[in-house]
Amino acid sequence: MFSENLHFFEKLSIFLIETKIPHEKIKFLKNTISLKGGFIVTNPSTADVILTILKSPARISRYIGSETRKPIVSIEWVDKCVSKGARIEFVDYLIRGIEEDAMDWTTVEEEEEDQDLFDEDSNSSSSRSPIYTSENEHSDDGRDVDLDPRFLNTSYECLRPTPLKPKFNAKLVELLEVIERAREVNDQWRNALSYRRAIAVLKSYPRDIISHKEIKKIRGIGSKIGYQIESYLRTGTITEAEHILQDKRFHTLELFASIFGVGFKTALSWYRKGYRTIEDCKNHPNLTKAQQLGLQLFDDLREKTLPQNSPFSKRRMSREDVEEIYNIIKENVKKLDPGCVLQPVGGYRRGKELNGDLDLIISHPDEERVPSLLNDVITTLTEGGYIKNLLYRARSESRTGIIDHLEKCFVAFLQPSTQIKRQVDFIIATQSQFASALVGWTGSRQYERSLRRYAKREKKMVFASHGLFTNTKPRILIPTSTEREIFDILGVPWLEPEMRNC
DNA sequence: TGGCAATACTG
DNA sequence: CAGTAT
DNA sequence: GCCA
């Protein structure tokens, strides 16, 4: 008899911030929503409405990134709808501080893009938990398995070796990386970071994961990612990742963010303006200088964010490409001043086959020579017809006039054999900075993060690529002359660059 | 419940 | 200060 | 998203 009310959430996609909501209540909400025709999505950008119990906008924003266009509503609204038996206005339940932006949602239809089912329906993976309480459904993934004793169960990636090409868990890693990138382009960097840490774990784990009981013991894998892995073990894939890969919006955002000078915020804002191609971006009214360069050189550089197998990235450098460029630079620099010391770092030093750029430290035993070094190098290579553009330059005299950092310059370098402009990052270091520059510029990104976090948390030190310091009022420089010495002082194990690929 | 790497340039 | 780069 |  109230059949007209049965589906009062018809086609409404809802993102639920589960934090602080009691478990039972979550179950109730999810049940109610799907019962009434609505569905849960696991990404705020695809939701019509965001439900939460939280009150502070700051707290909320960490769950939804910069997604401010969607109405954020207290869960009491659902209760009210249920008691009225109808979908009521949520004006009275909007969370303060976001109404401004949220109001323009009343016009959802008009403003919303094509079918961005980013992960609509990933409710299939996160909201159905009651269905399989699993225990004995599958013979091989429910076993209680101890962690492999060779694996160091720490949250610091820098304490354990991570090879470039792990022998195990490759497919799983690949899928989780998709989700990581999706979180990133959606401006949820904390979530992306969690995925990155979980991925690092799997890359260093010395065998295939076979049991979900096993994974829950690992630091860095919690309930959400644990659930994703569990579902992977059952089905051989992760639905959310599959959906993301089908999603045009995701690919467009990644494409935009791969432009030098364009980050995730800009990529999102351009997408919202309706841009869909690189040509659209070129017509943007006020491009920054970096973006102009990034667009102008797009076909050469690309590489910023895109994974190796992206259809847009065909231009990574083989090791031979890198060596060709390195040799040219070395020759020219030695001619300029035979005392110079050159050291390629970055992915190349870690053994990567395909590199997006070349990172190169240049040093000189004579401190006096160092300040003028970068200019001379750039000038020589520009006159030689190699350096075509300057992408970024950190001057030695900063605003404060203090030179506590490394002088550096990123350029577009014309590779003779291919006539492709490659990004080369020059880093200048004095001899006393050389060791930390080496550690700091070899990476990986995640390795650097963990090393610095470890230095701060466990050793009360600050590590930066220009030096190791005490974490005291005025920082005191701890002199270091070799990589090994830095590792020793920090108390982290020596890892070959090839084992820093987390 | 705070914190997640650290640092510099641009606009 | 927000955004981007490493 | 996860941990201390």
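The backbone N, Cα and C atoms fix where each Cβ goes, and this holds for glycine too.
Taken from TrEMBL, the feature domain 'BRCT' applies to A:4-95. As annotated by TrEMBL, compositional bias 'Acidic residues' applies to A:109-122. What TrEMBL records for A:109-146 is region 'Disordered'. The compositional bias 'Basic and acidic residues' feature in TrEMBL is assigned to A:135-146. Residues or ranges marked as Mg(2+) binding site by TrEMBL: A:D357, A:D359, A:D425.
Between the binding-site residues A:D359, A:D425, A:D359 has the most other Cβ atoms inside 10 Å of its own Cβ, all protein chains included. The record gives A:D357, A:D359, A:D425 for Mg(2+). Within 8 Å of the mean position of their Cβ atoms, the other Cβ atoms in that chain belong to A:V345, A:G346, A:L358, A:L360, A:F410, A:Q423, A:V424. Summarising model confidence by region, the domain 'BRCT' (A:4-95) averages a pLDDT of 67. When secondary structure is read from DSSP and collapsed to three states, A:D359 (Mg(2+) binding site) falls in the strand class. Look at A:D425 (Mg(2+) binding site): DSSP puts it in a strand.
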